[in-house]
Structure formats: structure tokens, C-alpha cells
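Straight from Swiss-Prot, the features:
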| type | residues | note |
| --- | --- | --- |
| COMPBIAS | 658-671 | compositional bias 'Pro residues' |
| DISULFID | Cys207-Cys220 | disulfide bond |
| DISULFID | Cys260-Cys273 | disulfide bond |
| CARBOHYD | Asn210 | N-linked glycosylation site |
| CARBOHYD | Asn588 | N-linked glycosylation site |
| CARBOHYD | Asn609 | N-linked glycosylation site |
| CARBOHYD | Asn752 | N-linked glycosylation site |
| REGION | 650-671 | region 'Disordered' |
| SIGNAL | 1-18 | signal peptide |
| ZN_FING | 147-196 | zinc finger |
Amino acid sequence: MSDVVLLVLAIILITIFTLIYYTIFFEFDETTFSKRLQVLTEYAKRTNADKPTPDVLGHVSDVYDHTYIVSWFKTDDLSTYHETVHDDTVEVFDFLEQRFAAAAAAVAHRVAPLAAEPDAFVVTGDAGDVKLRCPQHFRFDYDQLKCVPVDPCAGRAPGRYPMDERLLDTLVHNQPSDKDYSAGEHLHHPTLYLRCLADGSHAVRECPDNYTFDAASGECRVNELCEGRPDGFVLAYFPETLRVNEFVECRGGKHVVARCPDQQVFDRALMTCVQTHPCAFNGAGHTYITADIGDAQFFKCLNDREAQLITCINRVRGADGQYACSGDARCADLPDGTGRLMHTHTDDTFEYVSGQTICDNYNVISEIECDTGNVLENKLFVNKFTLGAQFPREVLDAGVCAPATLNNVRVLSDAFPVENLPNDYKVDMQTSVVGLATMMADLTTGADPDTAFGQNVLLAREVDAVGLSPLTAESIDCFGARLFDVMDARRANVCTESGGDLLRTIEFGDGAFLSVFRDDLTGSDADYKQFCAISYESPLKIVNSDHFERRILANILQADICAELYTTIYQKYTTLARKYTTASPKYNYTFVKRPPNIVVYAENTHLKNSTISVPTFDPFAPQPADNKIGPTNALFDPFADRVWRSEPGGDGDHWAPEAPPTQPEAPPAPEPSPLILDKKELFYSCYYELPTFKLTSCHAENDVIIDALQQLRAAVEVDPGCEPAKDLHFVLNAYAYMGNGVGCRSVFDGNNVTVIKEPVPTYTFNNLQTQSDDGVRYNKHVHVKDGRYMACPEHLYDGAAFACNAEPDKLYYLDNMQK
């Protein structure tokens, strides 16, 4: 018994020892031990001459961008002491001094990849950059910040490849290694193979039973079935490509495909050729192929006598031996239904890849469709322009969807159309301004949209052209029956109705301007001297100069509206004092100057407030009659008071009675001052270089005119229905549309200022607030607030109080220059 006990005890001790040994063996990390030994050796080499080896030694063991781990171990047995985590933007570890120090400067990236060397990377240390390299068969993965095995399908086209030793270690055993595989690189697994897919991914596949992978052809080939069998032996082996009249038999120790005699088919149940219809012994639903059909076709029995030809994207055979259709139509155009199908968008301006479909054996295994929504859609530039180009939000770049830029979008044309919103003047500016493809670079980098637009357009005026082709940016003379540029309204072209030939070019000099609604395109205004011309050279400033006003000081002309109105008012408000007849002014145009001044003098002119001197002696003054009843006064009364006068050279002293006091004559009524027509101010409203409205401010130099203006403004008459527009009277000829077919206008009929209701409105507007159809306020001198309408020069309008601070010595008149 003692021997048995000792044997059992020995077995127990051996078992315990074995367990302890394997526990220690498996827990021991040889790689970590080797690294720590190298660290200790390096530290000893560099410091032992100065200081002894410490009991605990630290080193940087892991780096994750700005975060790093310092591992501390005991130097006597290399066992772990502890680990600490640190941020290199805060502190850095000094290996030789074994202490931490404050970071001197921030480092953007501690680890960076090298695009030209996939297996290398750069580590930025405290002393500078250090280039490191991954082991062979590995590459650096920046996302994971570590070396990973090289992709097995990297650099390989889609297809089947033999499974060598390295691929087996990496893909099957999951033990990637950096060892040298060159000795067995010609060896491969007999049945396993690598399938590289079109999307760059891979799969490990295995050939069916009795098949071996042929590395040369990349196909699974059947193993030899005729070994030890006689010639003529028919095999129960029916490959997918075997036709209905074919079978496999042995010849010379190898299997070959044999064919039945004409008009016969092979009965796979009887294993012999028979003369009958293929459906006769298989029935409805049976499928078969013949030599006269395509690779993607097969016959399907409808009954025992008829079959239907089926055409597929891809023909496959199931486990039951029957043919069926498979595959996706999107893969039909790819060789063998395998590959990558790129989705490309092409238009007049840009070309880009919007996505991809990856197929394998006619089946879609991956599909990517990027968000190609137009980033320019519904975008307005300078509040009126839209771009006639589509630029995607994303495109496919390097197999992934990425933000679209000019680096991953191909530019087919440097120019693209620019369209403007509809406007009240029916002006089409697509031939005036053309977009440049460089605009997309600014728009995709977050630049101000209006600035990016203005800096990346080509204007017709820049190349001294009347118009540009919207697609090519080339100079053109015709675009329809007429062509003009509102950004350079010096001229206009008249063409044939088809727009094929130029008939004439109209040049607009002083006194003429572009009138878009006239058939001859020419408007006239004696005061206009191209005041709406834009002097800027920068396209950005030009496209932003859509609405502005020019203020001009000029002389009143002989036949302009100021002379006409002031003459009428002067005639009405000047009369002679006693006869109450209107003083007819007379013009003397010989005194008109250039620049013209008009001074009109009335008959019996007299300046207002002048002083009339009464003569001391009036020999023609009548003597008053004495009508008192009584004795007649004596011709000579010696007792009356007399004044004696002695005249030199006279005969002596004489006396003369005191003359009675003279009754003064009433002074005549003041006569009117002369009508002076001197200065006027012109306010031209401009839509780019197109003059739209002209406000004339006539300066009054006569008190009688100033008084008359006050009286006219105080006694304004208003037609029924125009009460909300009574304040139009501040500016003559001002018009406002109030909706419901009511249009009101301020007029002067020679006697009074009246706001009349037009029988038929001259203009109707969809937007009453802006008095326009497109919502743009072109007329800056008509104001609308709370259903009330007022005409007032813009610089005199008080919007808060809805009041017009009209100048008492000014008369205002408004012209619509385009309609």
C-alpha cells in the first residue's frame, strides 16, 4: 500500500507542479519582458557612468495623439510597478532624468502618417521628429495609431487568388506575423482561396467537395473521377455547363464530356441517351440548356412537350440541379458581373462621381450613393441672382463620400449662366453677367456668398461687349430681337427677329437714354446726361450698384416743367391793384444764358416792400371847394395873418396868404416782382444704369410764387376714393395704386392741386407696399404706411411721423422715365 500511496502522491505533486508551471508560462509576457529589458539596457548605457540604476524605471510605453502612458517597472525583476497617463500639451517625460517637465510648446500632432510610405510614420518627440517603420507585411493605420496587417487584396484586381502561408496566418489563424515567407511563397492551400471583391474587401472561400483550387486559372477544378475506371464509364457528374444532350464519361483514365447522337437527349435518371423531348421524362418545371442558347439562358418545361426559353441577368444552378435566374440588372454590363460601377453625373459645367455600385458574380454586394443635392439650390446672390449650375454637396472620393470641392469635381466649362429674378422692367441680365467656375472654391470654403459671387463673375462691360453668351462667356451681338446691358446702358443692338443678324447699334448720348418698353429703345430727357452711369471697375461693386440716386443741380430751361408750372402759377397769382386784371408776363429769350437762366418781367413792375416817396410840392393838386354858407370872404383881409415875403430883385415887400394843407394821395398797390426762373435740382433714381424715375425740385425765387405754393398746398382737392392718397399732393404727377382698380395721381390744372382718381389706372401693382410687382421699391418718393399713401422727396420724408417736410420755396414734380 505504501508504494501505491507514494505513487499517487507523486502524481498529485507532478500535476500541481505542472499547473503552476503552465500558469507562470502563460502569464509571462515575453514581448513585454523583452521591451523592458531593452529599456533597462538603454538606460544603463547612457547613465551608469553618472548615476546608479534606480529601483524603479519609467518609460513611455504607449502614445495616443496627445495622450501618452508612462509604464514603471522594477529593475531587479522587470515586473510591473504601475502606469500613469499624461497629456503632452501639459507635461513631457524626461527619460534620462526620470521626471516630468512642463511642456514648452504645444505640438499639433505627435504622430503623423507618411502618404508616400504606407508602412512608415513620424513621431514628434521633445527633441524633434523621428521616422519609424512598421514590420514587413504591416502598414500604419493612423485612425488606430498602430501598425496593422497589409490588406490581403491591396493592389489586386477583383478575382480569386491562392491562399499562401502568410494569408493563412493572417486570415485563417488570425496570427499576423512579420516573418519571412519567401521560402514557401509558391505553396498554397489546395481548397481554400482568397476572393477579392470589387469594393476592396475580401473573403475566404473553399472549393466544393471533389474540387481543388487551380492557382493558374483561379478556378476550382474537379478532381479526377476516372481513376481505376474503364473507358466508356458514364459518371453521375453533371457540371453546371452540361447541356441536355451531353454527359461525362471516362476515357483513358480521364473524364471527358460526351454528346448524344442527333435528336437525342441524355436521361440523367436512366443514365443513357434517349430519343424524346427533354420535358417528356422530367415534366413541368424541369430546366435544361442546349448548345444554341446563350450563357444566360435556359429552357423551362411547361409540360411534357413544351418548354419556355428564359433569359436572365445571370444563370445559376441550384442544389437540386435546376437552373434559375439570379443577379442584379445593374451588374449586367460588368465583365462576369463582377466589378465596380461608378455613378457619374455630367452637365454643361461639372462632372463628378455621385456614387458606386460594387458587384460580385452579378450580385450587388455594396452600394454607395452620396448626397449630391445642389448646394446652390434656392440660393440668392445680391438678392436677385441665381446660378445656372449645379454643384453637389458630396461626391465619391477615394471610395467614400466627401464634401465636394474643385479638387474632386471636374470642371468642364469655365463659365456658367447666371439668371436674375423677374423684375418690373422685364430686364434679363443673363447676357450681362456670366458666372465663373472659380466661384465654387470660395463658396465651398465658407466665404461670404455675395462677395464670392461678385468676385467670380465676368461682366459684358469688362470686355466692352453688349452681351456675353451665357454658356461660353464669348462676346455676342444678338440674343433675340434686341440686346442691351443695364450695367452698361450706353448702347443697344437691334437684331432680326430670329436674333441671327445685327441690324444696327443705338448709341445713347446726352438727352437720350435706354427705354426698355419703347420699340425703338430710346427715351429722351433734355436734362439727362448719362447720370446713371456706374464708374466702378470692380465687378463686386458693379453688381451691388442695383439701386442708387444721382442728385444734380441745374438751371431751369426754357421749356421744362419748372418754367411751365411757375409761369402758370405766376399768371394766376399776379394782378394789378386797381383794375384787377392779370398781368401778362412777357419773355425775352435774348437774355437767356447758357446754362440757361430765365427771368420774366411783368408790366408795371414794382418790387415788393419798396418805399414810395411823396413829392413836397404838387402843382397839379386840386384845391378843396368850400361849401359853407355865409358871407363871401373878401379877397383882401388886412387883419388876417399873412406871410410877407421879399424876393430878391423884387419891387418891394409882398404878402401872400398861407396855402391850405395838401391832402396826400393814397399810395398805389405794390406791383408784382419779376418772375425769376433760375435753379432746379434733379434726382434720378437708377436701376443699375437704367434711369427709372426723375424728381425735379424747382427753386422759387419770387415771394409771390412762395406764397402761391403755400396756398396751393393748403387748398388741395381730393377726388372721392382717393382720400388715403391725399398726401400725394406734395409732389405733382405722383401716382399710387391702392388696389381694387383704384389709381390716384396728383395734378395741377392751372388753378388747384388735385389728387384725382384715374378712370382707368395707369399702372396696377401686386405689391401695394412697394408699388411694384416684384416686391422691389423702385420709386423712392412714394411712401406707404398703414394704408395711407404719400409722395415726398426721400430726403424730406419722416417715416416715423408719416410726414413730408416739404420746403416752402420748392415745387416737386415726378416723372416715370420708363413707363
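Glycine residues also receive a Cβ, built from the backbone N, Cα and C atoms like all the rest.
Since this is a predicted model, take the numbers as computed values, not measurements.
Feature map: annotations from Swiss-Prot on the structure.
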residue	record	DSSP (3 states)
Cys207	disulfide bond	coil
Cys220	disulfide bond	strand
Cys260	disulfide bond	coil
Cys273	disulfide bond	strand
Asn752	N-linked glycosylation site	coil
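For Cys273 (disulfide bond), the nearest neighbour among the recorded positions Cys207, Asn210, Cys220, judged by Cα separation, is Asn210. Under a cutoff of 8 A between CB atoms, and with a sequence separation of 6+ in the same chain, the neighbours of Asn210 (N-linked glycosylation site) are Val222, Asn223, Leu225. For the disulfide-bonded residues shown (Cys207, Cys220), fewest C-beta neighbours within 10 angstroms: Cys220. In this structure, the CA atom of Asn752 (N-linked glycosylation site) is 108 Å away from the CA atom of Cys207 (disulfide bond). Here the CA atom of Cys207 (disulfide bond) lies 30 Å from the CA atom of Cys260 (disulfide bond).
Of all Cβ atoms in the protein chains displayed, 18 besides its own lie within 10 Å of the Cβ of Cys260 (disulfide bond). With a 10 A radius on its CB, Cys273 (disulfide bond) counts 18 other CB atoms from all the protein chains. Remark: secondary structure over the zinc finger (147-196) totals 11 helix, 12 strand, 27 coil, with classes taken from DSSP. Around the Cβ of Asn752 (N-linked glycosylation site), 14 further Cβ atoms fall within 10 Å across all displayed protein chains.
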